[in-house]
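Per Swiss-Prot, these features apply:
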{"type": "ACT_SITE", "residues": "115", "note": "active site, phosphoserine intermediate"}
{"type": "BINDING", "residues": "68, 352, 353", "note": "Zn(2+) 2 binding site"}
{"type": "BINDING", "residues": "68, 166, 168, 306", "note": "Mg(2+) binding site"}
{"type": "BINDING", "residues": "311, 315, 456", "note": "Zn(2+) 1 binding site"}
{"type": "REGION", "residues": "1-20", "note": "region 'Disordered'"}
{"type": "TRANSMEM", "residues": "27-47", "note": "transmembrane segment"}
């Protein structure tokens, strides 16, 4: 009787194994063993080769662009303005083709963020309280993407149109419990912090924070000479004017370019012989960083670019300066985009928040509103509101009325002013803040542009991308997700840097007005326009 373990059917060929079959089995075993050995050798060869030749990897480039204070309305206004100015119906801004999503901007302390908390969300990939510069809610410093990149062997750069110690650049390169501790921020930027120097290239304004208190143009509260420290201790090449910038060739890092005492000029007030534009600084920075990457076989670079004064124009409710700043930011974006398309990497552009509550359209009377706005008014303008307010304050009071009528109002796009406009400006003539408000309102009403605030708003802002980032960031996102992407993409550790910074100083004295007799507009933008 068959056992339960016996096969149901007879096995084919059952019986003694032939010699030829045994030989084939032996060859198969040897072949499999050989393949396994070869595979192991090949794996370890390539693994060790990869490790020993890490410098031959294709470098990674991350360009983070921040259009400070620019909201969706800014783009609508600028697009229509360019269409009118150049008779280009259907015109598209350079940014338009690269829209990938939108960002929510709240901070940990408010539904409406300030620039410091907004920038720290990008740099540390964490929410924090308004006013915090590279510092978390517990008032402990957090490692930034720029610092982590530098620690990992990348080159780093910052290009802005504000003081380099202002909230956004500071939040990537320094740590302060309050954004107005600009003495401390400048010290971090020249390498006096616990990590040493983290920034290889720094372009913008804000010279006053690097000069000792005894110096005429200083705004420091002490006598530290940070230019001397930067040059002698850290080897910075220092550029202080347009000539220095133009003569820059075969530049060696580190580079420190401080092209004004405070912020750089608005684009509409730009004097080419005095200081470079944002787009020029961006082009030079990219060239210098790329050349340095090729020469020292670094991993690549991280570059922060900020269109800082878009925000400041909106704080003033100045549609003239605002539209020209947005145009210049688009030129800078075009340069950065071309770089990434040629060399690879990731370009991210977004805003930290919207400023001003800008609306393209305004009800200017109690009657039912017209469905229009008038970009042609802005196209006639010659200067920013700050520039003209300063000019009024400094003008001979005996000839002020004709000056307002014949120069100031035509310079804001109103060639045929009415008596009320002239009167309102004249009444406000002694107070720079009142003048800015009056002038901004006159041109905004004339152009039918609306504003809801002189501060920030909670509106979501656009996110744009070029290169590999477009495969990872999509749709509506929290601002910290942008920082998280950069950390993963560059393969760096923010937490490791945070650990190194656990005893880093975050308290310092606020800056002070310098002794130099600057224009009222300089004082305004240096110490009051972006306090929100």
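Here the Cβ of each residue, glycine as well, is placed from N, Cα and C on the backbone.
Owing to the predicted nature of the structure, the values given are computational and were not obtained by experimental measurement.
According to DSSP, residue 306 (Mg(2+) binding site) is assigned to a strand segment. In three-state terms derived from DSSP, residue 456 (Zn(2+) 1 binding site) belongs to an extended strand segment. One way to see the shell of the Mg(2+) site is to take the Cβ centroid of 68, 166, 168, 306; the remaining same-chain residues with a Cβ within 8 Å of it are 66, 115, 119, 160, 162, 167, 169, 307, 308, 311, 352.
Note: the CA-CA distance between residue 311 (Zn(2+) 1 binding site) and residue 166 (Mg(2+) binding site) rounds to 12 Å. All chains included, 31 other C-beta atoms sit within 10 angstroms of the C-beta of residue 166 (Mg(2+) binding site). The binding-site residues near residue 168 (Mg(2+) binding site), taking a 10 angstroms Cα-Cα threshold over the set 68, 315, 353, 456, are 68. Of the binding-site residues 315, 353, 456, 353 has the largest number of other Cβ atoms within 10 Å of its own Cβ. Taking only the Cα positions, the spacing between residue 456 (Zn(2+) 1 binding site) and residue 68 (Zn(2+) 2 binding site) is 10 angstrom.
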